[in-house]
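Feature annotation from Swiss-Prot assigns active site, proton acceptor to 333; the stated evidence is sequence analysis. The ATP binding site annotation in Swiss-Prot covers 209-217, 230, 280-282, 337-338, 351 and is backed by a curator's inference. Annotation source Swiss-Prot lists compositional bias 'Basic and acidic residues' at 872-896. Among the features that Swiss-Prot reports, compositional bias 'Polar residues' is placed at 937-964. For 34-66, 60-84, 94-117, 99-116, 118-123, the entry in Swiss-Prot reads disulfide bond, with the evidence type experimental evidence. Annotation comment: Swiss-Prot describes 55, 110, 126 as N-linked glycosylation site. Residues or ranges marked as signal peptide by Swiss-Prot: 1-26.
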């Protein structure tokens, strides 16, 4: 192909030159004549004779060809060089007769040079271009072509890669789903292969036993054995397929899941298609039917509930085991109709038509889309609040659906235990009702349940009988409430509920041997008092298993006999007033009849370990009495009991009746105590306690509670006392039984207690020792508040030994009185000093043992009265100002000589005197002015007088203006519980004080002082008391 530039370029002088050359060539056949031009005039070894400069030719050697080189730029063609071409190469390149450019111009100078060669004479004069024309874009056409191609290839590659990635992702997801589904399908195939090959032609439908939303249930016979057959219509084919596949899941065999036999389809006689599920037959039917026909005791009810929970927990568990895999399954239609009862009293779960297999957050239902509506449930009555609200947590479908099942399980618990006979003692068990049947009836609508459950947050109500405050009932109610909690995430898991149901059975079995967990309704108040607090009150004392906070804390625990008030259903009761008629006011009548004997250690211990001081005893009627149980000495201290006063033991009453009036008295709510201790200030607490615990006059004739401390002191010292009852019949007496022969009670600690009512009275007698309570072990004259029968009257006129310690204080360079130890009765009888020393030595050792234990250590940070009840009696107002001023004066004025005495008796030991009960008269000091002071709140009371008047006894209730007050105790500990000291008024207690020693000051003048711990207690109503003195140092004893 020739381009437009193929027009020959002619030189004007060429015609005649060609003619001349052709003539010469003819003569020289062997040589080639070519046009020659070399602007650079290079010497190529060619002779000048061979070049013709005139015509510009050259005679080439043999075998050479002619060539020409031109430059083409900007439309012009310039000759660059011509001559002979002698390079050896392809001979076909220069075989043309004309000089033709056939090759693409080289890239030198942007392709502007043209080169050609030829094999004839003067053929290189002109040239002809014979190569494909360049692109229309003259600027680097090859590069543009390569760039476009690269872009196209890149785009194509990216597109293919993207498609490949998408295909891989899709394939991976499909493979992942297919792998689980394939494993499931494989298991389904294995399960299908494991199904028995039964001929359904032998299946006979005998009777209709139930009809549901998705089909009917028949009792049938397959190969002569009873079976249950569920028949699905064609419209419910999907439910049949789903339930069949759930039953075929590997590892679905469980004791609490209904046993599946076979599933098949068949055509009826009228040409309809129906689907059959053959299952094991359970004669008792559904749980709903069973509960409507039967009641059960506690253990049977727990067995029903536990078996249902166990089956549900297995359903909710994902279980990979070898080549088999069981996914977690949500039932989604759990109710009492879908639970069947076996012959052994356990349950199985059935009806899995709406169940779903749960795999993480994915739902798997064969034959349906994965995004099946999870709000679909079987029964509206059992719908959880979040389902009614449409607020199911879709981000965690597995947990959400399990929580829906747990809500329904809580309703089933309620239905089961509403038919428990043990939870309705003394009354008929209510008829069976489904959950919310009282509120919405038998056919509730979705809107009804939405308003009731979701909006109003109501649940089935617990009956009044379930308010019994026992551990088993409380645990049951907590479990049910935790299952149907409004917050789905706060509900129990099935595994946790299973453990709780197992514990409920254990609690019942463990407690029924000690005391019935659920008692008759007449003892509800007593059980609430005993059982609701025995867990929160810490065990104290050297025998924690036998002690409780209600045990009376006394400073002496090792006496021969101790009078205790017992308030428990295990306490001894007296003989009934009327034999022919059952005493309705007595608690546990049969138990009282069986236990009206000598108390056993088990009953004695139980009566002490189940008490709490939460009742107000000011309102007791005269018919109540005191129960007396003697306490044996401990083995390591029996050698100390050598006094002959313990040998004379009379009949001891051991059983009295406990009436409902005792239980109907006001009790302190423990929650109020905690609230008072934590929230209110001291002043507010005092005001609250006055309002809450005010009661009748404790000093009235009908109140005998204040006689208890004196009787206790006398009994501890003598071990002998006769009691009589004035209004409630004769007490059960056991003649000729020594207190040491009766089972001992546990030793109690002498923990600091706050004072209760302690009215003091004057006694117009002459010189008698003063009474002062030891500051170390505080005031132990306490009011008994265990809420049971108490002693009304004390008519004994026999002498009683009272231990008295005289801690005299002497100044420097002064002698003390003699150390003769005597025991003198009020009527003049005096015991020997040897006996007194024995009792005194034993009492001192007992007091030391009370304060050496780690648990009994007294400190400010751990006050033991935090769990004690608040004051209940409103004490009389009268002389409290004088007593409080006296306490403040004694606290603020130190003893002369630089010695002080604190509550804990940490002061330096001082010399001690033993004096006679008659006392020694001393000089009276001038009374000092009284200063009004703010009422203090002592934890330990120092009730000793601060002055004496000329040998006569001083009343404690007198004002400090009668004499100069002496140094006294410092109150170091702050009482945490509120109380207030009110007026001290005269009562049957007579406590006299008198100066027994003299203390010399630095100036050498004598001043009347009092004994540090001298006491003398007398009975004002005809009885006598005995004062004992001891010379042991540091001993304070009552």
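The backbone N, Cα and C atoms fix where each Cβ goes, glycine too.
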Within 10 angstroms of residue 116 (disulfide bond), Cα basis - recorded positions out of 66, 94, 338: 66, 94
Intrachain C-beta neighbours of residue 123 (disulfide bond), sequence separation six or more, cut-off 8 angstroms: 34, 66, 96, 97, 98, 99
Inter-residue C-alpha distance, residue 117 (disulfide bond) and residue 84 (disulfide bond) (nearest angstrom): 9
Of 84, 99, 118, 209 (the recorded positions), the residue whose Cβ has the fewest other Cβ atoms within 10 Å: 209
Residue pair residue 217 (ATP binding site), residue 94 (disulfide bond) - Cα distance, angstrom, rounded: 107
Rounded Cα-Cα span from residue 55 (N-linked glycosylation site) to residue 94 (disulfide bond), Å: 24
Residue, out of the recorded positions 213, 333, whose Cβ gathers the largest set of other Cβ atoms within 10 Å: 333
Residue 215 (ATP binding site): tally of other CB atoms within 10 A of its CB: 22
C-alpha spacing of residue 282 (ATP binding site) relative to residue 55 (N-linked glycosylation site), in angstrom: 131
Of the recorded positions listed as 60, 84, 118, 126, 333, the one whose CA lies nearest the CA of residue 211 (ATP binding site): 333
Neighbour-count leader, CB within 10 A, disulfide-bonded residues: 66, 117: 66
DSSP state at residue 333 (active site, proton acceptor), helix/strand/coil: coil
Distance from residue 213 (ATP binding site) back to residue 333 (active site, proton acceptor), taken between C-alpha atoms, in Å: 12
Residue pair residue 126 (N-linked glycosylation site), residue 213 (ATP binding site) - Cα distance, angstrom, rounded: 107
Alpha-carbon spacing, residue 338 (ATP binding site) to residue 118 (disulfide bond), which is rounded to whole Å: 109
Residue 282 (ATP binding site) and residue 118 (disulfide bond), distance between Cα atoms, whole Å: 115
